[in-house]
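The feature transmembrane segment is assigned by TrEMBL to 6-29, 78-96, 102-120, 127-146, 194-220, 232-254. Annotation source TrEMBL lists domain 'Prepilin peptidase A24 N-terminal' at 16-97. Positions annotated as domain 'Prepilin type IV endopeptidase peptidase' by TrEMBL: 108-214.
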Amino acid sequence: MAAMTGPLAFGLVAAFGVAIGSFLNVCVYRLPRGESIVSPPSRCPSCGQGLRWFDNVPVWSWIRLGGRCRTCRATISPVYPFVEAVTGTLFLLQYWQLGWQPLLGIRLLFVAAMIVLFVIDLQHRILPDVITLPGIVIGLAASMFLEPGWQAALSESPPGEVLWAVGEAYFRVRGEEGMGVGDVKMLAMIGAFLGWQLTLVTLLFASLTGSAVGVGMVMFDRRHMKYQLPLGSFLAAGAVVAAHFGQSLIAWYVGLFS
Ligand SMILES: [Zn+2]
């Protein structure tokens, strides 16, 4: 753990996170469109002009070009630099919490998947199987050897049904169609990586923030009654919060009753 610490390690982790964020943008854009995430190289969605390497520097390129394509001047969504900056920040937080250990690699992978699901659900209201299904398998495999341990990951099933029923009841009361199949697969993935306790924290967070945003939007404009909230985005945010603060929240909650 003392292998590399201090500002240099933090700088490297942040730079790595921002670079991965750049790749996550490719996933966010191409996965819902059924395109390959490996080829062709990045190009402007508007004019198809390929990006030159110096236009491909995360965050900085977007700021320097004023959020526009160099060739056709089409606006480039601020979501791109946002995803890069958020990935860098969340990678830093995970490293700060865990230090160098095998679990760090697994958690970075998990956080990256949550960022992709957050944006795709927000933009398209889908949670692609190509992320959630391998996510369940990888999460279970990792949990055999690392935190939270295989018992917690597998015992996800009985409380998992309870979680699902709570969420289902909650979202039906709101007058929505309830949780979709994609949301359930995503919850299973979160359970596989984090164990059922942190999945409960995730669901609690998603319900609270989801209802706050939903009520806020209706108060702002009644036409938003029909707006379909991206539950997957709230779950993704909740899962990242749970991975980072969940254990201290649980300890605090248990402490209240002992
Ligand atoms: Zn262009």
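Cβ atoms are placed via backbone N, Cα and C, with glycine included.
Fair warning: this is a prediction, and the values are worked out from it, not measured in the lab.
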- Item | Chain residues outside the transmembrane segment (102-120) and at least six past its termini with a C-beta under 8 angstroms from it | 17, 20-21, 24, 27-28, 31-32, 79, 83, 86-87, 90-91, 94-95, 126-128, 131-132, 135, 138-139, 142, 145-147, 186, 189, 193-194, 232-233, 235-237, 239-240, 243
- Item | Whether the transmembrane segment (78-96) meets the transmembrane segment (194-220): three or more C-beta pairs under 8 angstroms | no
- Tell me, roughly as an integer, the mean pLDDT over the domain 'Prepilin type IV endopeptidase peptidase' (108-214). 82
- Note on the structure: Checked against DSSP, the composition of the domain 'Prepilin peptidase A24 N-terminal' (16-97) is 45 helix, 4 strand, 33 coil
